[in-house]
């Protein structure tokens, strides 16, 4: 962190939380995936790799959106079941499920997102992002963007990692 | 710019982390009378460096205190005061303040109270006063702290001109200077002085600068000596209003006061100046009142020509002196500074290699290839090499416990001051090395144990005198290696454990039932029980709310054990036995509902099969206990405890060593925590025993109740390492111990 | 490796903090900075330096080889006998200054210094 220039930091945080400030007028590459019927996207720079879903190790006392832990080159990485996290139904009998491994710049934490399928990459103009009001209960999302007929939701990665690392009230651990 | 300064600030704090322990160990040597000149220098340098660095960041409070501290240490260095115990104590206390001020500046500590600083400053000033240096009063307030890059007036280095202060515009300053040869041999040059004078003038006023070279002393070329200086210069420049002041000129000549003649003359008008110039050029050096030492002036008269350093360089052909000749302290360990992250990476990769090696072995086992002698031999070679590499990396991360041990000096100092006792801490085996992961986690438990030893172990001075002991109590903190572990002992020469009082307290607190008959060791163990404290008055120490149970827990979390031995009237000995590293662990691989999990071998007592109808009891609160060899132990259904999902039907058939063969039987793994409390884990079977590499879960997830960490198995899957201590604690909390006793009686 | 246009300065100080401060201040003023962690290292760096620095800034109080010994050693080396050496020290007493000067120091800067003071000193000897 300390060897990063402040510009770097901004950029990385931008990737990590999926919050892209609308004032920059820049464009950003996003990866689009589906969970259930919906399409979501996250900045491509936050993605470390995409891998096939394999049975993770169950983590005791975990909330329903935690699928378990997997080994990624010697690191223990938690897999988040995005369907449960977003409270939506996953596609049934899906063979194409993959785990998108993301890394957060600020918190330096890594996690896997279990999604139904990865559709592709798109470039979006940051000033075309429609903000979402948080009072609407959409703390998981940072905005919407329309591509053609389709509305794509931008997932807030900092919120996912924040929940995982337990800085919300549902921390199971008591010490 | 801010970023760079932040980086440097970080370096500064890192450096403080190195310097403060150096200071402490230096003071330790002082008190052990091993002090050499070099020790004192090192102590001084540590404070000096902290002060210097702090000044660069305007850390005002730190600078001011360090300055006084440094001045006091300087008396020690110059030998004007002797390091008697009182002075050393003052230095120790000042070190604590300094260390707290560093923490304050770093925002990692509470602000240091002004009264405390003042008190210590007074003590240090008393030392300075003793040394008779007469500088204390000026010391504190005077230290300059840069206010971020404001122009600075340069110190005048001893010139003393009586200049009449009258404001009169449009004057001319005439500067005459005459370098001695020493000026050139110091790497300076008359050219630098001329450039310096030129820079005093604004760009558009350069025209008003007049320079004349005075060559009167220049001998004929044949007599010219390369090493001698014989040129002088006269420079005229306008004074005042945007122009130059005498101070500016003195600043230019600041460094050469002793090796350069200088005269500054102020003149009324340009016309008068020019006549003066002619006179100066004509009369030469003798008439100029040079500000120079008498010897230098004599030397000047005898000196010849040519100032140029080039000539000096060309003329001499002396062989270059060896850079390092006979420097005694030159011998030192060749070492490099390596980022700990890199070693961490190396460690991770070695961990991967261990896993890879294990997976190769498991794959070969599946293929039945292990009957192949040749393959077996090669596998054994790889296995040995892997272990060797692992050990070598461990050795890189190993650090002596010295640093942690030395921090305990302060703990004991503070604790004994609070308790009104006089206690000396003696350190032994500080060189003993353990993995740094362990060292980081050792500080807190040791701190509490030493506070405990001061507070409860060592008696009051009066009580000690009655017992015929020296008034000063002694605590011995030692470390040594034994059979792959590190043993840390804390031995006090106090009164030992008062078993009667401990038992009474335990009964009063409801930890043991009234009338229970316990052996001496069992009573001693009670001080580790949660909620136990024998302090009759709630002192500041015990008021911190940390009991020995927390200490024990912390040690257990490190994979360690604590034992206690009391010698009535003579003292108490606490022994910590810890693994050398937190990076690997000897684990027993158990299976439960299809998951493979790891139990540290150190906590496993035995693996037994029990009958559900004979050995398992349900107690009124609904929990279960099992009777193993006449001892009732809380039963933990591990699958339920850890909320493991039920195993899919039909997969439960595979056979393992120790697998429950028949219905009505349970396989239980009896585990024990450091307090000797036991629990029986109901498992499906035991798979294997292996050394596993410990991986953090909390890096990417939160803490999990009942799980201490994770590891990666030979097949690449993640396996959880069970936190036996918390499992037992939560089970024993559920089970009423009195119910246990009742059942034990029935079972007997 | 080196910037040909820049004036090269060697700084010798055992405090990594001071090294950082010096590197920053001189670097921002456009100097090419090389560094040594004590007198011994300073000499090593000096002898290996190509191009040779045009000025040296050294701390006085250092382990292994202090600033006095360093100045003495540099002055004994033929190739470096005329490099300007500026001592950097918090010692304000005249005795130390004159000792450094007697050994061949060109000038001194009292700590704490600021960037302007530092650059002034370097310009003063490399003009």
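The backbone N, Cα and C atoms fix where each Cβ goes, glycine too.
As the structure is a computational prediction, the values presented were derived from the model and not from experiment.
Residues or ranges marked as compositional bias 'Low complexity' by TrEMBL: B:308-323. As annotated by TrEMBL, domain 'HPt' applies to B:1-105. What TrEMBL lists as domain 'Histidine kinase' is B:373-582. According to TrEMBL, the feature domain 'CheW-like' maps to B:584-733. Look at TrEMBL and you will find B:48 tagged as phosphohistidine. As annotated by TrEMBL, region 'Disordered' applies to B:308-332.
Long-range C-beta contacts of the residue listed as 'phosphohistidine', restricted to its own chain and to partners at least six residues apart, with a cutoff below 8 Å, comprise B:66, B:70.
Helix, strand and coil residue tallies for the domain 'HPt' (B:1-105), in that order: 89 helix, 0 strand, 16 coil [DSSP]. Residue counts of the domain 'CheW-like' (B:584-733) by helix, strand and coil are 17 helix, 73 strand, 60 coil (DSSP-based). Each residue in the domain 'Histidine kinase' (B:373-582) has a pLDDT score, and their mean in this model is 82.
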